[in-house]
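Q: Sharing the feature lines straight out of TrEMBL:
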- 57-491: domain 'Major facilitator superfamily (MFS) profile' (DOMAIN)
- 1-32: region 'Disordered' (REGION)
- 63-86: transmembrane segment (TRANSMEM)
- 98-118: transmembrane segment (TRANSMEM)
- 130-148: transmembrane segment (TRANSMEM)
- 186-210: transmembrane segment (TRANSMEM)
- 222-246: transmembrane segment (TRANSMEM)
- 296-318: transmembrane segment (TRANSMEM)
- 330-350: transmembrane segment (TRANSMEM)
- 371-390: transmembrane segment (TRANSMEM)
- 396-419: transmembrane segment (TRANSMEM)
- 431-452: transmembrane segment (TRANSMEM)
- 464-486: transmembrane segment (TRANSMEM)
Amino acid sequence: MQPSSKYPSDVEHQSVPKSVNPRLAVDSNEIDSSSVDHSAYEVFWSKDDPENPKNWSALQKCVTIFTMGYSATVVSLFSTSYTVGIAGLQEEFHISKILGLLGVTTYLVGMAVGSVVLAPLSEMYGRRPIYLVSVSLFTIFVLPSALAKNIETILITRFFTAFFGSAMMSNSPGTVNDIISERHRALAFGFWSLGPTNGPVIGPIIGGFIFENLGWRWLNWFIMILGGVAFLLVLTIKETYAPVILRKRMIRKRKETGNLKWWSRYDSQVEFGSHLRTNITRPLTMMVMEPICAFWNFYTALVYGVLYLCFVAYPLAYQKYRGWSPGIGGLAYLGIGFGSVITIALEPILRKIISSHKKDTSGNVPPEAMVSIICTSAVLLAVGQIWFAWTSTPNVHWIVPILAGVPFGAGNAGVFIYINNYIVHSYNNYAASALAGNVVLRSIFGAVLPLAGPSMYASLGLNWAGFLLGMFEAVCIAIPVVFYLYGHHIRERSVMIRQMQIEKSL
């Protein structure tokens, strides 16, 4: 790369994360800025730069997205496949169902804690090293669960399994954003989200048959096999985070030329401890202080929590009241999975709807255009939940509540894909931190609500308990409606977005 006095348009002047690996930093005093045009030695992307992840071949991008989606599927699948084996845990360890359900809680709490730690670290050291460490440790920590002699071992190891697996949930959207242009981002998120949205649904289906035929321990062995495959896939992908790639290129240029004048706008002179504190606290700060994150995180958490309550309600509706086996009972979730696939299959049509939205002052479609899809998805969620609530008892044919899962699943997928897309569009290089906060809150909801589920359904019954959840979802439709109408004003008042715009203009 030769010195240049101007920035090519492909640089995009992204906001500068203060989170690049401080060990790579070089004292700015080593650069004699008085004797050189400082901008002439900046390391940046040239036009059609082959090292720019957005210029990778379609095949390489597809392999990367598949790897991220597959790995996230394994992590989310393990969260719910466990539920069908609780009966086996009760029998072997003589525990209550509530204690067995704590395995779901500790898993999702581990997911929340891990997201806070691992997502920011990917903005310091790059995506790939975090993925390699996380997937390998995720797989290793499944082993103690498979060999466990007591429930305490399972509860503790599931926490650490999810802690490391969380990177595949919170960091993957950042990787998709790294390699895909804005025009095709929703489609890419759609393919990636096939895993995270359907993993919780596939878990009880596959897990039910494994538990029936091989016992609860094989639920863990099966995940270990899938985790090993995920690790091999992660080995094949390259680094995607632009700041880290450019920093490494800068260091390479200095070594090749012996000239310390080469620099990157992602240089950092901040000490490691300060970097670590900033990056670890950023997801929590954004979750509380950024209105975009606060409201979307709450809404996503509600949707996620209701989804996890399905893993309490569906066994009641089909196994307890209709006498279905765990394996056959798991097939009831196919309605939800089919709905998710419909949303993803309709992405080209949804993209046209989004593109037809009125352009903003920059000539681009504002992110609020995506909220129109979220509003529709929110309605589908409430309709599906209320439909299931009033048809879940044995006096109604079994196919009717399964069909209720179709709009419910379609709404879940729409909310998940387009809220993620909205957040990534808004925060760009800080997307991993923003989405980490999202994972934290939705994991907490998913962890806590299932514990209350058995008591709620026992006292209110399937009909009224489900109806109240559906009505709560209906009331919360107001959140996407407000963002559709006033989202541009909310973004204008975002402190972090304003800061990013200032840094981008430098």
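Glycine is no exception: its Cβ is also placed from the backbone N, Cα and C atoms.
Could you place these features in context, so I can see how deep they sit and what lies close by?
A: A Cβ distance under 8 Å defines the sequence-distant neighbours of the transmembrane segment (98-118), meaning residues of its chain 6+ beyond its ends; these are 75, 78-80, 82-83, 86, 89-90, 130, 134, 151, 154-156, 158-167, 169-171, 280, 283-284, 308, 311, 436-437, 439-441, 443-444, 446-448, 450-451, 454.
Note on the transmembrane segment (186-210): residues 61, 65-66, 68-85, 169, 172-173, 176, 179-180, 218-219, 222, 307-308, 311, 314, 325-331, 333-334, 336-337, 340-341, 343-344, 347-348, 350-351, 354, 370, 409, 412-413, 416-418, 420-421, 424 of its chain, located 6 or more positions outside it, place their CB under 8 angstroms from a CB of the stretch.
The list of residues near the transmembrane segment (330-350) in space but at least 6 beyond its ends in sequence, with Cβ under 8 angstroms from a Cβ of it, reads 84, 186-187, 190-191, 193-194, 197-198, 201-202, 204-209, 310, 314, 317-318, 324, 373, 377, 380, 384, 398, 401-414, 417.
Listed as Cβ neighbours of the transmembrane segment (396-419) (distance under 8 Å, sequence separation of 6 or more from its ends, same chain) are residues 186, 189-190, 193, 196-197, 201, 296, 299-300, 303, 307, 317-318, 322, 332-340, 342-344, 370-371, 373-374, 376-385, 387-388, 438.
Listed by sequence, the residues of this chain that lie at least six past the ends of the transmembrane segment (431-452) yet keep a Cβ under 8 A from its Cβ atoms are 79, 98, 101-102, 104-109, 111-113, 115-116, 118-120, 122-123, 166, 169-171, 173-174, 177, 279, 282-284, 286-287, 290, 292-293, 296-298, 300-309, 311-312, 419-420, 423-424.
Residues 295-296, 298-299, 302-303, 306, 309, 313, 368, 371-372, 374-375, 378-379, 381-383, 385-386, 388-390, 392, 422, 456-457 of the same chain sit 6 or more residues outside the transmembrane segment (464-486) yet have a Cβ under 8 Å from a Cβ within it.
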Q: For the domain 'Major facilitator superfamily (MFS) profile' (57-491), would you mind checking the mean pLDDT of the predicted model?
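A: Value for the domain 'Major facilitator superfamily (MFS) profile' (57-491), mean pLDDT as a whole number: 87.
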